[in-house]
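Annotation source Swiss-Prot lists ATP binding site at 142-197. Per Swiss-Prot, Mg(2+) 1 binding site is recorded for Asp265, Glu278, and the stated evidence type is sequence analysis. Annotated Mg(2+) 2 binding site per Swiss-Prot: Glu278, Asn280, in sequence order. If you look up Swiss-Prot, you'll see 116-311 marked as domain 'ATP-grasp'.
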Amino acid sequence: MTSAYDKLHSTLDVKAFGRVAVLYGGKSAEREVSLKSGAAVIDALSTAGVDVVAIDVGDDLLARLQSEKIDRAFIILHGRGGEDGSMQGLLECLGIPYTGSGILASALAMDKLRTKQVWQSLGIPTPRHAVLASESDCLQASTELGFPLIVKPAHEGSSIGMAKVNSTQELVAAWQDAAKYDSQVLVEQWIHGPEFTIAVLRGQVLPPIALGTPHVFYDYDAKYIVNDTQYRIPCGLDSVKEQELIDLTARACDAIGIEGWGRLDVMQDEQGRFWLLEVNTAPGMTDHSLVPMAARAAGLDFQQLVLAILAESVATRG
């Protein structure tokens, strides 16, 4: 990765990026995380000499993009309105190149149910699941999937609205809570075993990271607030299993159409089998975030990572 980046860096002219809008903040439930990610990206690009315009996305976005004469956009919005294909569609209508995945891949990845359906159709392992829309759905899922289970809003990130449950009563309560965030709620089989997260950058898979947390799972607090989460790089897998994980990640990304950069979450069960959970097309870039951590393990500092993501928008969208 370092040699590939060195080749990129040797030919990189930051002036070629033009006037770059960093789109961050927004109105989703992940706004606070996006504000932190955006601030870090803005600082890195500014320090590198890029002409940056910071735009906290609101109702005046279209006017700002036009009045600021934006040439390119770095999307660091998390969640709905920025990571679900809608922002990508707006930018394409305006003819503004942008970072990350396109409209379809962004929309697919934001929809946990559709992502799982694509993976299942291609034989890519993902935990069994059910859609919850009523108490009777909860009862049926309890019977068909057993316990423990994990409940998820279908279109939220950062583990917002998620809960592990061990009984039908807990499942009903968790469904009702998740439904406050999303009209569509999923429940999945709980996979017992270690969790891994794998970042991808410019078509390459970065070193996998093993996660350890004293929390029930890698939730919002573990991701962004507390400092008791353990990260292991190298991830502790033997070379054969690590390569299997890398190959599975690449296959899963290709299935969704991930471009530029992203991050996948994977569980390994007690039999050593891997299970894909979900994919993130605009991962966090805070001081707790995993993509910068994986990039460091591959030899890239934060500024190099940000420039590599931005440079990919030139390669793919001009």
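Cβ atoms are placed via backbone N, Cα and C, with glycine included.
Taking a C-beta cut-off of under 8 angstroms and a sequence separation of 6 or more, Ala163 (ATP binding site) has the following same-chain neighbours: Ile150, Val151, Glu170, Ala174, Asp177, Ala178. The Cβ of Ile191 (ATP binding site) has 19 other Cβ atoms within 10 Å, all protein chains considered. Take the binding-site residues Glu156, Glu170, Asp177, Asp265, Glu278: by the count of other Cβ atoms within 10 Å of each Cβ, the lowest one is Asp177. Geometry remark: Asp265 (Mg(2+) 1 binding site) versus Ser142 (ATP binding site), CA distance 24 Å. In the three-state DSSP classification, Leu149 (ATP binding site) falls within a strand. Here the Cβ of Asn280 (Mg(2+) 2 binding site) has 22 other Cβ atoms within 10 Å, regardless of which shown protein chain they belong to. Considering only the binding-site residues Ser142, Gln184, the Cβ with the fewest other Cβ atoms within 10 Å is that of Gln184. Confidence for the domain 'ATP-grasp' (116-311), expressed as mean pLDDT, is 91. In sequence order, Ala141, Ser142, Lys164, Val165, Leu171, Val187, Glu188, Gln189, Trp190 constitute the residues six or more apart from Leu149 (ATP binding site) in its chain with CB-CB distances below 8 Å. For the recorded site, Ile191 (ATP binding site), the DSSP three-state label reads coil.
Here the candidates are the binding-site residues Glu156, Gln184, Ile191. The one whose C-alpha lies nearest to that of Glu278 (Mg(2+) 1 binding site) is Glu156.
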